Amino acid sequence: MRFSGSPSPGPSNSSRWWPLDAGDANTSGDLAGLGEDGGPQADTRNEELAKLEIAVLAVIFVVAVLGNSSVLLALHRTPRKTSRMHLFIRHLSLADLAVAFFQVLPQLGWDITYRFRGPDGLCRVVKHMQVFAMFASAYMLVVMTADRYIAVCHPLKTLQQPARRSRLMIAAAWVLSFVLSTPQYFVFSMVEVSNVTKTYDCWANFIHPWGLPAYVTWMTGSVFVAPVVILGTCYGFICYHIWRKVRGKTAGRQGGPAEGAGESALYRGVLHARCVSSVKTISRAKIRTVKMTFVIVTAYIVCWAPFFIIQMWSAWDKNFSWVESENPATAIPALLASLNSCCNPWIYMFFSGHLLQDCAQSFPCCQNVKRTFTREGSDSMSRRQTSFTNNRSPTNSMGTWKDSPKSSKSIKFIPVST
């Protein structure tokens with residue numbers, strides 16, 4: 001990398017979306033001047049490592065595009081009412097597709113051609129969009145977790161124009177991601193990386209010696225550290241709130257019902273049976289979405305942590321040797337950061353089984369899967385209705401309720417509106 005104000009170019013370019021690239025230490029040779037025969041040194045690289053990088057990026061791109069496109073297709077075709085969680089899943093899938101097309105795909109082409117092939121303006125746009133996709137994926141995860149925090153810890157606020165608030169949060173994540181990634185236009189440009197071979201590449205320029213560490217630290221903090229802190233705080237409050245609710249319900253059961261309640265207690269219990277069941281169902285749905293979001297956050301941290309550790313190490317350690325970056329053990333973890341965009345779609349489908357069913361409906365070859373899901377769903381619904389009719393719903397099965405020895409003919413059952 002070449003630092004502005006430094007006497008000579010550094011050893012590495014920045015073909016990755018960051019100013020540092022663990023896989024491009026092989027460019028140090030073309031900056032050394034003349035070869036052993038006195039002629040210009042060839043512009044070469046570690047071809048074995050380059051092939052490995054190309055293969056990994058190609059697999060990540062294909063899997064990310066297929067997975068996230070399937071989720072978007074399933075959300076579009078689902079006959080169910082769209083929820084706020086579906087809205088966040090849709091935009092997180094769009095952010096993951098942005099990672100695939102704006103970050104992984106340009107890097108794949110760049111690794112194939114070795115040097116950036118394009119004008120200075122295209123160099124700046126590509127670098128901007130690569131970092132924009134990183135910001136969008138991270139910040140969309142933050143707003144989705146914030147929505148789960150509001151739904152669990154402040155449920156009354158969900159009644160106050162929840163759709164409008166969710167759309168504002170999503171729009172803020174997109175706009176903030178675009179704004180925070182604009183410095184890439186001023187950091188990167190087409191630079192002559194060899195005075196001998198007259199080779200140009202898309203490189204970053206920094207003020208020596210503090211520019212590079214400051215930039216990498218800022219990007220690490222804004223893309224990784226700050227989101228992880230916010231996510232951890234939200235989940236801390238969510239877990240504490242759920243723990244308090246569980247403890248309160250346990251204490252209530254231990255107290256038991258008051259004696260002498262008589263027919264009025266039975267009457268109230270009958271009237272509110274469906275309401276209590278609905279509340280329990282909503283609570284289970286919230287907990288399921290909280291679990292799904294937690295798994296997504298964990299996958300984000302696991303995939304991105306090695307990348308940021310390598311970047312911070314290479315920026316702050318003065319003894320860092322660029323020869324070490326030619327080791328696949330150092331280069332591949334930096335590439336696997338984008339693997340997070342491949343994991344998210346399967347997490348959605350695991351926690352929302354109907355998404356897989358709705359996606360299967362779009363492909364004729366998956367009609368057997370569709371019929372299996374439909375048959376299992378019908379059997380499950382039939383079992384639930386039978387159990388509810390025989391045991392819990394006197395308003396739907398008068399005969400069963402009258403046969404009970406504990407029933408009272410003086411009780412009048414009023415239909416409960418749902």
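In case you wondered, yes, glycine gets a Cβ from its N, Cα and C as well.
What Swiss-Prot annotates here:
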- 1-15: compositional bias 'Low complexity' (COMPBIAS)
- 1-51: topological domain 'Extracellular' (TOPO_DOM)
- Asn13: N-linked glycosylation site (CARBOHYD)
- Asn26: N-linked glycosylation site (CARBOHYD)
- 52-75: transmembrane segment (TRANSMEM)
- 76-87: topological domain 'Cytoplasmic' (TOPO_DOM)
- 88-109: transmembrane segment (TRANSMEM)
- 110-124: topological domain 'Extracellular' (TOPO_DOM)
- Cys123-Cys202: disulfide bond (DISULFID)
- 125-146: transmembrane segment (TRANSMEM)
- 147-167: topological domain 'Cytoplasmic' (TOPO_DOM)
- 168-189: transmembrane segment (TRANSMEM)
- 190-217: topological domain 'Extracellular' (TOPO_DOM)
- Asn195: N-linked glycosylation site (CARBOHYD)
- 218-238: transmembrane segment (TRANSMEM)
- 239-293: topological domain 'Cytoplasmic' (TOPO_DOM)
- 294-313: transmembrane segment (TRANSMEM)
- 314-331: topological domain 'Extracellular' (TOPO_DOM)
- Asn319: N-linked glycosylation site (CARBOHYD)
- 332-351: transmembrane segment (TRANSMEM)
- 352-418: topological domain 'Cytoplasmic' (TOPO_DOM)
- 383-399: compositional bias 'Polar residues' (COMPBIAS)
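Here the features listed in Swiss-Prot are placed on the structure.
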{"residue": "Cys123", "record": "disulfide bond", "Cβ contacts under 8 Å, 6 or more apart": "Phe116, Phe188, Ser189, Met190, Cys202"}
{"residue": "Asn195", "record": "N-linked glycosylation site", "Cβ contacts under 8 Å, 6 or more apart": "none"}
{"residue": "Asn319", "record": "N-linked glycosylation site", "Cβ contacts under 8 Å, 6 or more apart": "none"}
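Under the three-state DSSP scheme, Cys202 (disulfide bond) falls in the strand class.
If you look at the transmembrane segment (332-351) against the transmembrane segment (218-238), you find fewer than three C-beta pairs under 8 angstroms, all six or more positions apart, and that falls short of contact. Other C-beta atoms found within 10 angstroms of the C-beta of Cys202 (disulfide bond) number 23, with every protein chain shown included. Relative to the transmembrane segment (218-238), the listed stretch 125-146 leads the set 52-75, 88-109, 125-146, 168-189 in CB pairs under 8 A.
Across 88-109, 125-146, 168-189, the stretch most heavily in contact with the transmembrane segment (52-75), judged by Cβ pairs under 8 Å, is 88-109. Long-range contacts of the topological domain 'Extracellular' (110-124) within the same chain, counting only residues at least 6 positions beyond its ends with a Cβ under 8 Å from a Cβ of the stretch, are 15, 23, 43, 45, 50, 53-54, 57, 184-185, 188-190, 199-202.
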